[in-house]
Every structure is written in C-alpha cells, then in structure tokens.
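Asker: Take this structure, written in structure tokens, and hold onto it; I'll ask about it next.
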C-alpha cells in the first residue's frame, strides 16, 4: 500500500553491474542496509532538538509506513526457504496469509505464466505524518536530511550492487528555487554587456553629436525602473515567484529599445534649433511610439509594473538626461570630456592634426551652420534611407519578400500541426539535478502502473447504512470499470474490506455493524488499529463518534503521454460528479494534468484577446483602420510563427510556454507599430518616399532594439534551466520575427496596400509634358471666352488689359516671375519712388497706358477657333517686345528728369536699404512684393484654373 501523506521520502533502486533481476540475495541485503540508513538518520531542528525516523515511528505507534514489501527478514527468509509463491500480480504467503501487490513496488517486472521471473527496479517509500504545523516542520527537516544522507551514500559508492535515485515531496519546490538562483550571478554580466552594446551603438564619428553616455544612462534608467517596480510589488504584498527574476533581463531590453527610439528622433532634429524646441520635436515624434509599445506590453502582462515604471522613467529621468546632453551639444562640447572642441570644417581650415580631427572634432560651425562637412548623417540611418529603401521599393524585391513570407507561413503551419502538448516533470529540474534520474526511472519502469489515485469522500455520512455502503461501492466499481483504472485487485478500500471481513468471520466475531455506534466501535477495534495502514484512510470528528471524511485508493494502468493523462483526469472527475456522494479524486501530479487540460483553450483565448487589444490600442494611437488591420495582421503572423517554430525547436505547449506566448503578444506589436506610425506620420506623397522616411526614422532603432533585447536575455541560456531556456527561445523568436516584419514585410505591404498606395507621379509627369511646348508660364484667355468690360465681384475689368483685375500694384503685362519677367524688383522699387511725386506718377502711368494693349482685337471673337492659342501667343510675344521697348524709353526719360538731390532723397526714403554708391543698376531678382501679389493663372491643363476667381472673371461663353 502507498498512502499519500504530506511528507515522504521515496527512492527507486536499480541493480548495478548489468544485474537485471533485483530478486537476488545480495541485492536484498543492500536494500535492508538502505532501510537501516534511512531509519537511523539523525535530524537536528533549529531549536536544538534531535530525532530519528525510527523514534518518530515509535512515537506514532507504528504509523510510519515503509513499503510492506520491505519486511526484509520475512521476504529474504521466505525466498531462501522457497515459501514465497511469486505469482503476479499478488505475492501471497500461505503461512502468514500476507499478500503484497507487486506492481506498486516492482517496476518493469517480467512475468511468465503468471509468475514473476525478474524485477529490474524496486520502489521504496518512507512516510512522515504532518497532522499539524509542528509535524510539518519536523517532516520538512527530515526530508532535507533524507535527501542529503541518501545522496551522500550514492555519491560515495556505499552500495556495491544497487543504484539509488531519490525524491521527496518538496523536491520540485527545491528545484524551482535552485533554478531562480542560477540566474542571479548573470545580472552583473548582462548589465555590463548591455552597457557596452548601448555605448558602442550610440556613438558616431562626430564627437559632439555622439551619445555614448546616453546609451549607458538608458540602461541605468531601465534598472532603476525595474528596482522600483519590484519594490512597489513587494509593498503591495504581491508574492514573489522564481520566474520573476527573468523580468530584469527583459526590462533592460525594453528600456534600451525606448532609448534608441528617442535618440533616433533627436538625431532627426536640426542642430541649429534651441534645445527646448529639439526636445519638443523629439518627444512629439518618439513619445507616441514609446506609448504604443508600453501600453501594449502592459496589456499583454495584464498589469506590467516594470513596463509602466520603465515608461515613466524614460519620459522623466532619461528625457532630462537628453536635455542636458542637448545643451552640451549646443555648446559644442566633446561627448566624453565635455571640453569645447572645433567643428571638423574649422579644424580643417585651421589645419589641426589628424588625431584631433578623428578623436576631438565635431558639432557645427555657428558661422556656417549648413556646412555639409559638419552635417553628416548617421551612416546606418542614411543606409536605411537610401540603399535599403531603394532595395525594398524594387518590384522584384517586393515579390521576393512576399514569397519568403509565404514560405515562412508554410513552415509555421507545419509546426503548428506537429505541436506537442505537455510538460515533462524532468524539465522542471536542472539538468544536473538528482531528481532527473528519478523521473527517468519512473517513466521507464512504472508506466504500466503509474499512479496511485485517492478517492476522497467528505461529509457526515452514516457508513453503517446499507444504502451509503451501496453508493460507495457503486462509485468504486464505476471507477474500476473505466479504461484508465485497473480491476478491483489493486483497489484498497477500507469500507469494502471491512464489510467483507465482518461478513466472512461473523460466526466467531459475533459483532454487529447495523447501526452507526456499533459500526464505528467495531471499526476502530477490529480494523483501524495503529499498525493497520487503513488507519490513515478514515477521519473522525473531535468526539470520535462520527466519520467526517474517508478515502479509498485506485490504481491507474497503462497511462502513456500527456493527452492520455488529461483524458484520464477528465473521465474520473465525470464519474465522481455523477455520484450522489461528495467525492473527488486526487493525486499530487494532477496539478500538472490540470494544466495540460487548460493550456490549449487558455492559449487560444488569450491570443485572441491579446490580438484584439493590440489592434484597438494601435487604432487609438494610429487612427487609420487600414494601418490597424496591418498591425493586427502582423501580430497574428508573428504569433503563428512563434507557435509553429517553437514546435520545430523542441518546445512543447505547456504552462511555461503558454505564459511566454501570452507575454510575447506585447513584443510582437512593438516594431510593427513603430513602422506603421512612421508611415502614417510621413508627409511624403508617394509610397516609395514614405518607405524611405519610415526606414530612415526607425530602421536603426529597430536593429538596435532587437539586438539589445536578445542580448538582454541571452544570459538565461547559461542558467541551464528549461524554464529560462524556453523564455529565451520564445523571446528570441518573437523579437526576430517582429524585426523581420518591421524592416521588410510591413514596408512592402504598406507600399502596396497601405495609405497613399494609389498615389503615383504620372499625373505630374503628364502636366510637364503638356507644358513643355509652351514656354510661357501664364494662361492667356481663349479668344472665344473673353469678357469685355464686365464686372466680377465688384472689380472693374478694363479692356486695356486682363491684368487690371489684380489691382494697380500688379506687374502690368509682364508677370510676377523673377526669372521670366522683364521688370525686376528694382523696376518696381523705382516705380514706387516715382509714385511719391504726383506729376512724375502721372507721367509714368500715361506712358504705361500708351504702351498698353491698344488693340482689343485679340480678345474679340475671331471666327476661327485657335484651340491651343498659338496665334495669340505669337501676337502676345510681339506686343510684349514692343511694350518692353516703350517701357525702357519711358524709364530713361523719367530718370533724366529726376537726377537731382530731391529725387535721390526720395529714393533713399522709399528704399529701406542704405544708399548705393555708383550707378544704380537694374537687376533681375525675386522681390517680396512679387511673392505677396496675386499672380496670373499659369498655363496648365489642370482643372485648378477653373477654381481661380480671377480667371473665371475673364471668361464668358459665346
């Protein structure tokens, strides 16, 4: 019998020296020696009290059970005398009438004709009672001593013929604790590695714009945020579990990712701007991306204290560090020494040494801020802007990216169909743990009869009532009739055996069990005496006159694999649920089986919930439904890839991988959200230009962030633990797949199907081709569509010229372009000077009127439709030449009349600039007067001319 109590020590013994049969005298002698060792282990409590297992058993009146198969004096003697009939599955002694169920203790027994021929493994168990807190403490201390002593005996080779694998009730707790301790030594090395990586990747050839200290401060910010999060969690009373120690590695990676995004946004600002303005621009660009990733990470963790604190620390502490560095950069100080240095352009002019130019120069020259020597872009950012963008904008490359993506999905789909479920117990321990050998032997030798399952009945039932007895028996038989439970031969039921015992021997026992009082009295006297193992199967109330709980044991048979185990638990629970009794089934390993049952539906549910929440969050911050759909598509694609390829990477779907899978939902949206937001925020008109801008903005931060996150968790591989190994593998996959989606797939998909994907340059090219034959930049009204002396919007249209509608200050008959007009800004200035004198002004305007369009024939219906205005253009050219000649003559006459000092004073008063020495020369130049003056409509085939009010004012239909 193997009763399951709170504390126990358990061993599985196999023979050495190629001995395959444990039924040998020398082997059994060493088994007895092992039992003596365990019984006499001395345990010292913190109070100084000592005890042994044998003493505890004596104190508890023999209720400390070693396997009853190990009554070594009897067994060995009976084997030597030939009194033992080794029949399967019961070993029966006809002399003492004792029976032993072999499958519980003998593993991998070979049976021929119902006779046990060989036994390769034997299992022994020592139980310790834990009825109260004091006994639990004593039992825990004994377990520790048991594991130590048996381990020393095995390691020192004390036993010559047997090999012992040990296990205790708290072994898994010990192993999980050891797993957490293994990662602690790697905290410092990880921080140093991340610091070096951040410093190197934040440096540039420009020693003023380089940011190595900010890279290091980004790590410090993440560390401080993680420490604050742990402190807050402890203050709130949140219990600490071992896997929490993986958080610092992950938070350093997330924190430094935000650092790279902020620094990339800072580099895109102009060095000539003031620091507050650069900070505002940086935060306006980077804060949205950081907020999206932080919110999605917090949602994936449900409550991510460390993520929340990292977000706050970067927007406060790290942003302040960036501002300080900005003022240093504004003062052109060296990034490391903080000493003022010369820009590279000035260093070349002053012929500084090459060492100075390489290791000291940097920044921009205030006297020449736009010097290209001092305004070099980051080489990697420039690479993404030009080379990478040009590659991805190539049609063949786009097709290749889509083909590779389809192959990726095919491989992921294959992995999903071959995904295995279940958590092997050996994976919870370290590779070099003593428990691994025990789990391996258990799986090898005890799969045929693996689990001794308890059926517990609670409630105040009258077990003397035949109806209650029938209900208990019915429940027992239903359980035995399932395919997962052996027949009644291996069932241990105190009620069944007691009732049968009384029925068979009532002739000489002369007792009655028809009422509850007699039933309990005779049960205690005849059946539940202290040495009987059934004494642990019945629980009385404090008065001892009523049974409040009881149990019986059933034997599972031929259970193999995770699916079989969870199906067994489900079937047994359905049976007990149908019973009228308040019954339940229990085994210590059911906690794993329950996880097997819940892992798949929980994973699917959480993945769907996470993807939906990520899409909603992305839509809030990126208010474009198409981009939100692409983000959701990327999340689903990445998650499918992680699930599929984790199966190919020897990772089962279990509770550990499920936690990591849910957690990775937040990471899958990081890079994709960055790219989508940058694509949406771009002001470029074409998809190719948008791809170039978003890669320029986020190409480098994505590469830096992905490498930093992977480097942050790579130390977990050194812990030599399945838990942390799975953690690293899944984080690596989600970061790698996310980076590939962000750098390659999303730019291609957004350029093909994203916002602005229908915009093309062809319209602009067509306009240029149409305008090319017409050198004139203006649209002349069609002869058939001219209004004569009409009024539009209260403005008088003079027949002397269509441009009078623009006002008196208009460049009459010439235009506004500084390149095509014959009247420059200097002419206009002189015209304003003339306007200061009334007589001169009148003479000036009379000259213009004489030189205006005297003939209106070109604006009258000609009878012949000049569709493209060629004839009109030629006439306009001739008249313009004549008008220019007359204008020049008028100007020369006006200048001769006003070459006195008064005219010069008026000119000085009219012009804001200082007086020029020497002759005044008319120059062709752009004038701000031309910029602010209404321009005549340009020649174009666009419909925009119809929207020009002045143009419409000149039109009429015949």
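Placed from the backbone N, Cα and C atoms, the Cβ positions cover glycine too.
As listed in TrEMBL for this protein:
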- 814-836: compositional bias 'Low complexity' (COMPBIAS)
- 839-849: compositional bias 'Basic and acidic residues' (COMPBIAS)
- 867-897: compositional bias 'Basic and acidic residues' (COMPBIAS)
- 182-318: domain 'SSD' (DOMAIN)
- 814-897: region 'Disordered' (REGION)
- 183-204: transmembrane segment (TRANSMEM)
- 216-241: transmembrane segment (TRANSMEM)
- 247-266: transmembrane segment (TRANSMEM)
- 287-313: transmembrane segment (TRANSMEM)
- 396-417: transmembrane segment (TRANSMEM)
- 606-623: transmembrane segment (TRANSMEM)
- 629-649: transmembrane segment (TRANSMEM)
- 661-680: transmembrane segment (TRANSMEM)
- 700-719: transmembrane segment (TRANSMEM)
- 731-753: transmembrane segment (TRANSMEM)
Asker: Counting each residue once, how many in the domain 'SSD' (182-318) are helix, strand and coil under DSSP?
Answerer: 108 helix, 0 strand, 29 coil
Asker: If contact means at least 3 Cβ pairs within less than 8 Å, sequence distance 6 or more, would you call the transmembrane segment (731-753) and the transmembrane segment (183-204) in contact?
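Answerer: Judged by the Cβ rule, the two regions do not touch, with the required three close pairs absent.
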Asker: Which sequence positions outside the transmembrane segment (661-680), separated from its termini by at least 6 residues, show Cβ-Cβ distances below 8 Å to it?
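Answerer: That would be 257, 261, 288-289, 292-293, 296-301, 304, 307, 603, 606-607, 610-611, 614, 617-618, 621-622, 624, 627, 630-631, 634-635, 638-639, 642-643, 690-691, 693-694, 697-698, 701-702, 705-706, 709, 730-731, 733-735, 737-739, 741-743, 746-747, 750, 754-755.
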Asker: Tell me, please, if the transmembrane segment (183-204) and the transmembrane segment (629-649) are in contact, taking contact as 3+ Cβ pairs under 8 Å between residues separated by 6 or more positions?
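Answerer: By the criterion, they do not touch.
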Asker: Do any residues, 6 or more residues outside the transmembrane segment (247-266), come within under 8 Å Cβ-to-Cβ of it, and if so which ones?
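Answerer: Those are 183, 187, 190-191, 194, 198, 201-202, 211, 214-215, 218-219, 221-223, 225-226, 229-230, 278, 281-283, 285-286, 289-290, 293-294, 297, 306-307, 310-311, 313-314, 318-319, 322, 326, 381, 670, 674, 697-698, 700-701, 704-705, 708-713, 715-716, 731, in sequence order.
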Asker: Average pLDDT across the domain 'SSD' (182-318)?
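Answerer: On average, pLDDT over the domain 'SSD' (182-318) sits at 84.
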